[in-house]
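S.K.: Sharing a structure, written as structure tokens. Questions coming.
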Amino acid sequence: VVLRQGSDSQQQDPLGGADGLALASDPGGTLNFLAMVENLQGDSGRGYYLEMLIGTPPQALNILVDTGSSNFAVAGVPDPDVTSYFNAELSSTYKSQGIDVTVKYSQGSWTGVLGTDVITIPKGIYGSYTINIATILESENFFLPGVKWHGILGLAYDALAKPSSSVETFFDSLVRQAKIPNIFSLQMCGAGLPVSGSGTNGGSLVLGGIEPSLYTGDIWYTPIKEEWYYQVEILKLEVGGQNLELDCREYNADKAIVDSGTTLLRLPQKVFSAVVQAIARTSLIQEFSSGFWTGSQLACWDNSERPWSLFPKLSIYLRDENSSRSFRISILPQLYIQPILGIGENLQCYRFGISSSTNALVIGATVMEGFYVIFDRAQKRVGFAVSPCAEVDGSPVSEIEGPFTTADVASNCVSSISFHEPVLWIASYALMSLCGIILLVLIILLLIPPRCQHRYTDNDVVNDESSLVRHRWK
């Protein structure tokens, strides 16, 4: 593995540039990051979760770690798919705000009520803190059979918080009250293990900094393009060392994000098709069922075989903090050809850990399990370093290499217009106003006597493709 050495964009102060380590939240005067090592459990199929104590007296719940949303929410009533829930009536410190909230995800949704209560994290930072918390009263396809978590910890920016960005997020509250640096880091240790196993693969969520024992080599940083999701800029993809040769804007359509709450590597449709074609062309398997690539079928091999040798390496190039340079994170097939279940004593079945997406490229658990990922909000950047737990049969399954020049890509691969919700609403209202004006003009034209109307020729026909109706907003 070739690692970059001695660059100005490499490993920085582990606390993201904060002055000093003496923190009011820690009786010892320093943040003990080692206390947070292996504070997560879970797997890539059903998510990684953290134990948290909520309310007075404390109620212990497992909370899913999600860098792709911004609400902290827990089951507030019994649900057939959860083993525990938060009973607000039993907490003397719970205060309802009486505000209804609904959150929709790429899979599932829930509706609940906002309130506040105190939380502590047994394997987190010292102390108790008052946090906005939504109690989930109804949900659809959110809690799934077999999940071992009872709520969700949204760690993205307040721009995504519901019902509005005025709801202070969990991590913002922690930074303000505990006076910790505005940075957290995440390691998920499920490489090569069944995607829905015992739920004890392990991992670490380090609040307030970086723990050196959780990575090897150097940390490579890419700028956060916009503070809503953790949006980054992807320059190109390679399969088996071969560039896909797509316009770099295809990789960022309409955004590229780092999201621990998404299980797979999700790619825009055009990119996904190119990747599948390149993998199929590069792999040593002559014929492969299309159902495997679309996720509708598993592929099974004898237990004595290791199918990973049949597939190529996948590399993602990210823009460096120095915009004229890039670096690449690479995952071996051990991360994207994922064991999912055994059949009898002789067969092991695998799924394809990459899927298509209609609205984003999502670096999910499939990729993140190869790396220690640093969310440096203070310096508006995301860092990647090789994770020592990303090994299968004693060999590393992830790599970071660079630097590379960006002379062969556009100076900006991200659309200048970000279609997140505030802009979306403005655009929607503008379109509705435009449609109203057009409708008014049409009504006036219909009322004008026929002799004043324009006689259309064959060249004047307006077809459906010019209609605004087909350009609907999400």
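Every residue number used here counts from 1 along the chain in the order it is shown.
Note: Cβ is positioned from N, Cα and C throughout, glycine not excepted.
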S.K.: Pick from Cys248, Cys300: which one does TrEMBL say forms the disulfide with Cys413?
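M.R.: Disulfide partner per TrEMBL record: Cys248.
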S.K.: With the disulphide bonds as TrEMBL has them, who is the partner of Cys189, out of Cys300, Cys349, Cys389?
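M.R.: Here TrEMBL pairs Cys189 in a disulfide with Cys389.
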S.K.: Whole-number Å only: compute the distance from the Cα of Asp259 (active site) to the Cα of Asp66 (active site).
M.R.: 7
S.K.: Of the recorded positions Asp66, Cys189, Cys349, Cys413, which one has its Cα closest to the Cα of Asn322 (N-linked glycosylation site)?
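M.R.: Of the recorded positions Asp66, Cys189, Cys349, Cys413, Cys413 has its Cα closest to that of Asn322 (N-linked glycosylation site).
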S.K.: Cα distance, Cys349 (disulfide bond) to Cys413 (disulfide bond), nearest Å?
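M.R.: With distance taken Cα to Cα, Cys349 (disulfide bond) is 38 Å from Cys413 (disulfide bond).
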S.K.: Among the disulfide-bonded residues Cys189, Cys248, Cys349, Cys389, Cys413, whose Cβ has the fewest other Cβ atoms within 10 Å?
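M.R.: Comparing Cβ neighbours within 10 Å for the disulfide-bonded residues Cys189, Cys248, Cys349, Cys389, Cys413, Cys349 has the fewest.
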